[in-house]
Amino acid sequence: MSKEEKLAIAAATDGACSGNPGPGGWGALIRFQDGSEIEFGGNSPETTNNRMELQAALFILEKLKNIEFAPSLTIKTDSKYLIDGMEKWMPNWKKKGWKTASGKPVLNQDLWKALDHPELPKIKLQYVKGHSGEKDNDRVDAIAVAFSKGRKIQLKDFANN
């Protein structure tokens, strides 16, 4: 798929963990102007819900590097940890050598640093309440939970839209 083929207009991410730590999964989707969607998911055998939230966001940003997207595109997430980390905490962590206000090393530093990579697109995050009936959030949650539990789930791609 080239940048010229489709215009991305919406995105959503979620992470889930069975036990915390425990087996985890993440889900993500991108919706295009023509109504088509692509969905993604992944898992980790031993992780936390926060790591899965960050992994989902990192994956979708990596995908959006190579896709044309509308300037109004936001990434919907139910993770205040992700939003606060990206929008409030990260500048101070960087100033303090990736330490928290209390001087402790930032948790999940590898993923935060990857999310801060200058080649990733800067896209606004939009908070949505989890399990509230918001269609995209419910879908990426279902993907994340399925991957965390090792269940099969049909993901949409351009062939089955």
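Cβ coordinates come from backbone N, Cα and C, glycine included.
Taking Cβ-Cβ distances under 8 Å and a sequence separation of 6 or more, the neighbours of ASP141 (Mg(2+) 2 binding site) in its chain are ASP14, ALA16, GLY27, ASP78, GLY130, HIS131. If you look up Swiss-Prot, you'll see ASP14, ASP141 marked as Mg(2+) 2 binding site.
Annotation note: ASP78 (Mg(2+) 1 binding site) sits in a coil segment as assigned by DSSP. Among the features that Swiss-Prot reports, Mg(2+) 1 binding site is placed at ASP14, GLU53, ASP78.
What Swiss-Prot lists as domain 'RNase H type-1' is 5-149, and the listing cites sequence analysis.
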Cβ-based neighbourhood (8 Å from the centroid) of the Mg(2+) 1 site, residues ASP14, GLU53, ASP78 excluded: THR13, GLY15, ALA16, MET52, ALA56, THR77, SER79, LEU82, GLY130, ASN137, VAL140, ASP141, ALA144
Secondary structure at ASP14 (Mg(2+) 2 binding site), reduced by DSSP to three states: strand
